[in-house]
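Student: Questions regarding the structure given below will be posed in turn.
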Amino acid sequence: MLFDTHAHLNAEQYDTDLEEVIERAKAEKVERIVVVGFDRPTITRAMEMIEEYDFIYAAIGWHPVDAIDMTEEDLAWIKELSAHEKVVAIGEMGLDYHWDKSPKDIQKEVFRNQIALAKEVNLPIIIHNRDATEDVVTILKEEGAEAVGGIMHCFTGSAEVARECMKMNFYLSFGGPVTFKNAKKPKEVVKEIPNDRLLIETDCPFLTPHPFRGKRNEPSYVKYVAEQIAELKEMTFEEIASITTENAKRLFRIN
């Protein structure tokens, strides 16, 4: 009934109680989860998890903060792994100008290389954008990303940016921040965008929704995101759960 399109259950924060976290997700009717890998260790763990759990799928890519560490061998490795039937997207990828570990020019190169790879293997992409909207949108356009489409992960941008992304065949995914009291912009965007472009996520263990803000996030909390969106859209929780699940299945080509 619920589909968490972006989770990091491969993070060390779940090393001691992963089974309990998964049981709570099932109890809240979270039927599918995409676990996102963004470097060698997290990709390796995501690939293990898709073998261990039938309802978990993987997205594999390289996070922009760590772009400086990515090698040609890493890109080739991701390409090889992407042939697995339960790898449903390339990413997360993108640009992050909040942290300065990786220079902007290297981030851009790694971003472009991953878009090219996704087009080659015909998989959608998952976009991480922090303080870099203009450059992200420009690169998506220049690299012809609309050929594969994908997700603007944890979208907090303006309605204008949302429209530009949707024109390029992207879905907008909302997480915990849409439940925050001061989140005026994402709430307005949720009201405006068509239902067939809407996804939900947790980005756990980060960005925990109200009323658990400040604690470790987990997939069961995606219901609070769905509840908030239902309220904003003046729809029922069940309608939003169904719409966002069908959208995710369509994007990821899951029957």
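Including glycine, each Cβ sits where the backbone N, Cα and C put it.
According to Swiss-Prot, the protein has these features:
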type	residues	note
BINDING	His6, His8, Glu92, Asp203	divalent metal cation 1 binding site
BINDING	Glu92, His128, His153	divalent metal cation 2 binding site
Student: Is any of the binding-site residues His6, His8, Glu92, Asp203 within 10 Å of His128 (divalent metal cation 2 binding site) (Cα-Cα), and if so, which, in sequence order?
Tutor: Glu92
Student: Inside 8 A of the center formed by the CB atoms of His6, His8, Glu92, Asp203, which other residues of the chain have their CB, for the recorded divalent metal cation 1 site?
Tutor: Ala7, Val36, Phe38, Ile126, His153, Cys154, Glu201, Thr202, Cys204, Phe206
Student: What are the other residues, in sequence order, whose C-beta lies within 8 angstroms of the center of the C-beta atoms of Glu92, His128, His153 at the divalent metal cation 2 site?
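Tutor: Not counting the recorded site residues, we get His6, Val36, Phe38, His63, Gly91, Met93, Gly94, Ile126, Ile127, Asn129, Ile151, Cys154.
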Student: Out of His6, His8, give me whichever of these binding-site residues has the highest number of other Cβ atoms within 10 Å.
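Tutor: The most densely surrounded of these binding-site residues is His6.
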Student: What Cα-Cα separation, expressed in whole Å, is found between His8 (divalent metal cation 1 binding site) and His153 (divalent metal cation 2 binding site)?
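Tutor: His8 (divalent metal cation 1 binding site) to His153 (divalent metal cation 2 binding site), Cα-Cα distance: 13 Å.
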Student: Could you check the binding-site residues Glu92, Asp203 and say which one's CB has the fewest neighbouring CB atoms inside 10 Å?
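Tutor: Minimum Cβ neighbour count within 10 Å, taken over the binding-site residues Glu92, Asp203, occurs at Asp203.
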Student: Distance between Asp203 (divalent metal cation 1 binding site) and His153 (divalent metal cation 2 binding site) at the Cα atoms, whole Å?
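Tutor: Cα to Cα, Asp203 (divalent metal cation 1 binding site) and His153 (divalent metal cation 2 binding site) are separated by 9 Å.
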Student: Can you tell me the CA-to-CA distance separating His6 (divalent metal cation 1 binding site) and His153 (divalent metal cation 2 binding site), as a whole number of Å?
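Tutor: For His6 (divalent metal cation 1 binding site) versus His153 (divalent metal cation 2 binding site), the Cα atoms are 8 Å apart.
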Student: When you measure from the Cβ of His128 (divalent metal cation 2 binding site), how many other Cβ atoms are you left with inside 10 Å?
Tutor: 24
Student: Among all the protein chains here, how many other CB atoms are within 10 A of the CB of His153 (divalent metal cation 2 binding site)?
Tutor: 26
Student: Could you give the Cα-Cα distance between His153 (divalent metal cation 2 binding site) and Glu92 (divalent metal cation 1 binding site), in whole Å?
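Tutor: It is 8 Å, counting Cα to Cα.
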